[in-house]
Amino acid sequence: MGQCGDTAGRSAHRAASPEARKAVTAASGSAGIAGAGPPRHATARPAPPLPVRGRRRASFTLRGDHRLAGLFPLHAAAPRDAARLLVPRCDVFKSHGYCLSQALRFAVEEINNSSTLLPNVTLGYEIYDTCSEPANFHATLCALAHKGKQDVHVLPSFQHYEPQAVAVIGPDSTRLALTTAAVLSLFLVPEISYEASTETLSTKRLYPSFLRTIPSDREQVKAIFLLLQHFGWTWVVLLGSDNSYGRAGLDALHELLTASNICVAYKGTIPANSDASNPELYNLVRILRDVKVNVTVVFSNRESAIPFFKVVVQRNITGMVWVASEDWLLAQTVWAVPGIQTIGWVIGMALEQPESTMLERFEAWKVSEEGAVAECASSAEAGGESTGSTWLDCTQCCSSCRELAGIPDTYDAQGSFNVYSAVYAVAHGLHDLLGCASGVCSKGTVYPWQLLQKIRRVNFTLYKSRISFDDNGDIRKGYDIVMWKWKGPNWASDVIGTFRVNPDRLRIDPGKILWHTKDGQAPNSVCSEACQPGESRLQHSRHRCCFSCVACPPGTFLNTSDPFDCQACGLDEWAPEGSEVCFNRTVEFLSWTEPLSWVLLALAVLLMLLIAALAVLFTLNASTPVVKSAGGKTCYLMLGSLACTCSSLFCYFGEPSRVACLLRLPLFAISFTIFLSCVATRSFQILCIFKLNARYPALYEAWLRRRGPALFMAASTAAQVALCVVAEATSPSVPRRDYSVRAEWVVLGCAPSAAADAATAYTVLLSAGCFALSYAGTDLPAAYNEAKSLTVSLLLHLSCSVAVLCSQGALRGRAEPAVRVLGTLGTLAALLGGYFVPRAFVILLRPHQNTAEHFQMAIQEYTRRRAAA
């Protein structure tokens, strides 16, 4: 292994030309300015390098009880021929890395001067220049070298390692951090990076000793996703730089978007190490124009973003929203691209701004350090010391570094605070490990693995910023949402919102956003316009965001959780065409409480009262000829059957039950059959007396002798009973809910049974027989001739039955049982009016016709008329 020591100073010395070394002093001194200068990773103009001759410089090394290793990109390797295997030359000064190194020095000096944090312990540091992969790896091995040695011992357990540095601060890039973390994790040496954000480093199985004071890209991806959702941008392009930072962020974002309602029209990478003349960049921008999106997410480092936006400007792409990742959003080298203000709106993630108090103290420290350096250099020159002696005794004076103070850069401020926080995290871990709470720290040996455990558990506030790490070693911090703003040719930025973690939440202040659109609203970026309420999406391609709209058919609704499929409503629900919700069906049945029901019930009660009154009247006049001619005791059976028929109507009211469905039809059919059997028997008996007895006397005698009337009534009734029992046994009438009547109804009723058809056919047959017998007796004696009124009654009954049967196909809901009840009431009223009411009229109003003499005279007149005929 090469010699460890002031690698930052030596690399600067090698980079310096004799003329430069004579012209300026080195840039490594206290003149370094954090919070100023070009953005990180930016290539500033070649500034005077950092020469050190032959020994460590005070600006890069500080002795202390416990030493930190700082890995900073103080230089960048100059471009070289990739085909030649040459060691990279670190020739280009990087002001951003220099400023970060000064933040480490500032933090260490503050801690060493503190009486509360590590009161009797001092921190030291060794700063290394990580300008290239070899330099970064060499720095890592130097940090691991045994104290006072130049090599790394092989020990049986990591618990006994005592490396030069108890902790490592850095490096800056993901590429370098993956190397250092893999090596340092083998020895459990704490490493706190200030700018490496790739999510891969959160894998504790691979990198157990890695922590960072910059949020993981996992949080940045979440923030970008929530930003797209907030503005309703569902049709986007994803572009990323062709390195570990861009590829990892791009893949994580693509995975998150794919699982959501946001579609990726195109996903591509920006070629690495290219310039604006690269054909691949032109092809990428052409694709960007062809896919016709208004929002492009660029998850890239600033080096790749610069040539990309140069081509975007050249190809005249305007009016687009560019969602920026944290690395390039505020980079001066990006917003300084000529013509970039025409590309549209740039909005993205930026690290939380540090407290201004810290930056002010940092600036004051920097100014005082510059004064000390200037005084030192002046004294040396006045004493006749050589320039080389000045380099040895004083920290270096760099005119280019002084110029950084006039160019404040947000990135330097954010990065410096990250370094500052990392140093304080180590200090707090040491404070806890050494038992400094008592006011005196122990002087025992500090093993890195012990310190790592303490650092993981630190929890303190630094200038109103909470510093703590989660289980993955990531700091619990969010982002500011920043938008570019142009004031003429001058660039500026506004914080328009925030993203905070635990829990994840995005807040946007719309009052701070100025959209230069016709309506002043955010630009729209969708593949297909949103469907109207109640319309489902018919997908046309593999992208869920490209679709046509189709209204949901009746009986279905569109659930917001699945905009592609209309879902069926529940059985007791309905929905019109193009509905977003289902509605409860209206339950239809003939309720007891409806006005229509009250009217029908009142009519039924009146009929029952009329039947009861007729029964009483006939009982009081049972011995009169009118009652006897009506059938005598048979009248009570007829009135009772009509009463039972009327009582069956009550089964049609209210919500159908099992009992009501089983009783209402058999009760009506059997009762009405008894009545019709009595009417038929009575009509046949009178017809036999006056017409058939003379011609067929034996027939009439056999009818009477063998109890023909009773047998006929019993047989006809038994047949009806048998029909009802068999029909109900094979196909019972039970309550049912009918959903087919109307979409918005559920009709409660009784299931149709074969008993209904059989009973109806049987009663119609009996009614027709009764009608024939009554019609045959139209020429009987007047006292016995009820044929006319009975015929009319039977015709009304048949008419009502036909009307009920015909209405079944047209009427639905509560109207159907209401018509059945009304038809039955009409039949009962007609039969009572045609058979019993005329006899009651004679009994009450014409008692002179209710005598035996009157009936004898009617018979004699009928006999004379028959004889004359």
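Glycine is treated like the rest: Cβ placed from N, Cα and C.
Since the structure is predicted, the reported quantities are computational estimates derived from the model, not experimental observations.
As annotated by TrEMBL, compositional bias 'Low complexity' applies to 26-45.
Feature annotation from TrEMBL assigns domain 'G-protein coupled receptors family 3 profile' to 596-859.
If you look up TrEMBL, you'll see 1-53 marked as region 'Disordered'.
Within the chain, the transmembrane segment (598-622) has long-range Cβ neighbours (under 8 A, six or more residues past its boundaries) at 592, 630, 632, 635-636, 639-640, 642-643, 646-647, 649-650, 653, 818, 821-822, 825, 828-829, 832, 836-837, 839-840, 843-844, 850. Annotated transmembrane segment per TrEMBL: 598-622 (among others), in sequence order.
What TrEMBL lists as transmembrane segment is 634-655 (among others).
Residues or ranges marked as transmembrane segment by TrEMBL: 667-690 (among others).
Here the transmembrane segment (710-730) has long-range neighbours at 637, 662, 665-666, 669-670, 673-674, 676-678, 680-681, 684, 753-756, 758-759, 762-763, 766, meaning same-chain residues at least 6 beyond its ends whose C-beta is under 8 angstroms from one of its own. If you look up TrEMBL, you'll see 710-730 (among others) marked as transmembrane segment.
Sequence annotations record features per position, and here TrEMBL assigns transmembrane segment to 759-778 (among others).
Residues or ranges marked as transmembrane segment by TrEMBL: 790-811 (among others).
Annotated transmembrane segment per TrEMBL: 817-837 (among others), in sequence order. Listed by sequence, the residues of this chain that lie at least six past the ends of the transmembrane segment (817-837) yet keep a Cβ under 8 A from its Cβ atoms are 589-590, 596-597, 600, 603-604, 607, 610-611, 614, 618, 630, 635, 638-639, 642, 645-646, 648-649, 652-653, 668, 672, 675, 679, 749, 786, 789-794, 796-797, 800-801, 803-804, 807, 811.
Within the chain carrying the transmembrane segment (759-778), a Cβ under 8 angstroms from the stretch's Cβ atoms is held by residues 665-666, 668-669, 672-673, 676-677, 679-680, 683-684, 686-687, 690-691, 716, 719-720, 723-724, 727, 784-788, 790-791, 794-795, 797-798, 801, 805, all 6 or more beyond its ends.
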